[in-house]
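Q: Pasting the feature list from TrEMBL:
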| type | residues | note |
| --- | --- | --- |
| DOMAIN | 9-143 | domain 'EamA' |
| TRANSMEM | 45-62 | transmembrane segment |
| TRANSMEM | 74-92 | transmembrane segment |
| TRANSMEM | 98-119 | transmembrane segment |
| TRANSMEM | 126-146 | transmembrane segment |
| TRANSMEM | 152-171 | transmembrane segment |
| DOMAIN | 157-287 | domain 'EamA' |
| TRANSMEM | 183-202 | transmembrane segment |
| TRANSMEM | 214-233 | transmembrane segment |
| TRANSMEM | 245-264 | transmembrane segment |
| TRANSMEM | 270-288 | transmembrane segment |
Amino acid sequence: MSAQTQYLKGILLVLISAVCFSVSGTLQALAPEEATPFVITEMRMIIGAAFLFLWCLCFGKLPAWGVRIPWRPLFICAFFLLIGQLCFFSGMKFLGVAAGAVISIGSAPIFAALFAWIFFRITPSFIWAAATTAAITGVVLINGFNLDSSRLTFIGILLLDGLTYAAYITYSSRINFNIDSDFCVMLILSIIAIALSPVLFLYPTEWVISSWRGFGVCLGLGVFTGGVAFAFLTAGARLISSNTASTLCLAEPLGAVCWGIFLLKEQLSISNLVGVMLILCAIILLLFDKTEQKEPSVA
């Protein structure tokens, strides 16, 4: 596979993951009233891990007996994702979903660029800078940006989410796994599910199995925004730089707008339309970026 083909494949995989992640807001809007973000997150991890296990079992992706599993990097990846999700839901509770998306998702490419420069001395290209600026502007136009300066603590929490998200993409993309990446993601989701398991005893869970609606929401979140999304993100991020992967994840609000229009019959405003066009322009710019530098891999 040529370098250009590998690069385009990485972009496609990350974009597919962004589309899968984008359905989470729509599905949560359809969840029963008694559903809490923490139980939803836990069910997403459990179902996502179960789905990936069946996927690996059916397609021969399970490692042979005795193969060494890289537990240390897997626990580090799980730590980044766990902290990020807790920060996102905590900040979102007080600032709202729109502000949460702008701050957490919008800050991730900036943190990824800082990691690349500090640890690998890789300077982002002009094309990446232009694409990221356009994409972040598009995210702001889609979600709005009306914040109360008195809530700086929660802004900081959401920035921490963006930092851990960028850290996950940067770290996971550099690891030379000796086992299939889908199996690795299954283990990561399993670790998070075990760590978050106490929430099942702290918050109501009856809604998960008491109605087809609750079960369907959890199933959709687990399969699409859990198993499929994280698997595609991890696989795609290994083929392109963490800078580019983080910027492409800004396509998630674009997908959310489309789901809102087609499934929830929401109206598209002028600012939403401009935001959508800016994100599309950013993706097109990255498709033709021939100056991208991939971070070196580690064992």
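Cβ coordinates come from backbone N, Cα and C, glycine included.
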Q: Cβ under 8 Å to the transmembrane segment (45-62), counting only same-chain residues 6 or more beyond its ends: which ones?
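A: Contacts of the transmembrane segment (45-62) (Cβ under 8 Å, skipping residues fewer than 6 from its ends): 180, 182-183, 185-186, 189-190, 192-193, 196, 218-219, 221-223, 225-228, 230-231.
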Q: Do any residues, 6 or more residues outside the transmembrane segment (74-92), come within under 8 Å Cβ-to-Cβ of it, and if so which ones?
A: 37-38, 41, 99-100, 103-104, 154-155, 157-158, 160-161, 164-165, 167-168, 171-172, 184, 187-188, 191-192, 195-196, 230
Q: May I ask for the residues of the chain that lie six or more residues beyond the transmembrane segment (98-119) and have a Cβ under 8 Å from a Cβ within it?
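A: That would be 84, 87-88, 91-92, 128, 132, 135-136, 139-140, 143-147, 155, 158-159, 161-163, 165-167, 169-170, 241-243, 245-247, 249-250, 252-253, 256, 293, 295.
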Q: Which range wins on Cβ pairs under 8 Å with the transmembrane segment (270-288): 126-146, 183-202, 214-233, 245-264?
A: 126-146
Q: Can you tell me which parts of the same chain pack against the transmembrane segment (245-264), counting only residues 6+ beyond its ends and a CB-CB cutoff under 8 A?
A: 10-11, 14-15, 17-19, 21-23, 25-26, 29, 101, 105-106, 108-109, 111-113, 128, 131-132, 135-136, 138-139, 142-143, 165-166, 169, 173, 233, 236-237, 272, 275-276, 279-280, 282-283, 286
Q: Taking residues 6+ outside the transmembrane segment (214-233), which of them lie with a CB under 8 Å of any CB in it?
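A: Here the qualifying positions are 13-14, 16-17, 20-21, 23-24, 27-28, 30-32, 35, 40, 43-52, 55, 81, 169, 181-182, 185-186, 188-189, 207-208, 245, 249.
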Q: Let me know the model's mean pLDDT on the domain 'EamA' (157-287).
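A: Summarising the domain 'EamA' (157-287) by its mean pLDDT gives 87.
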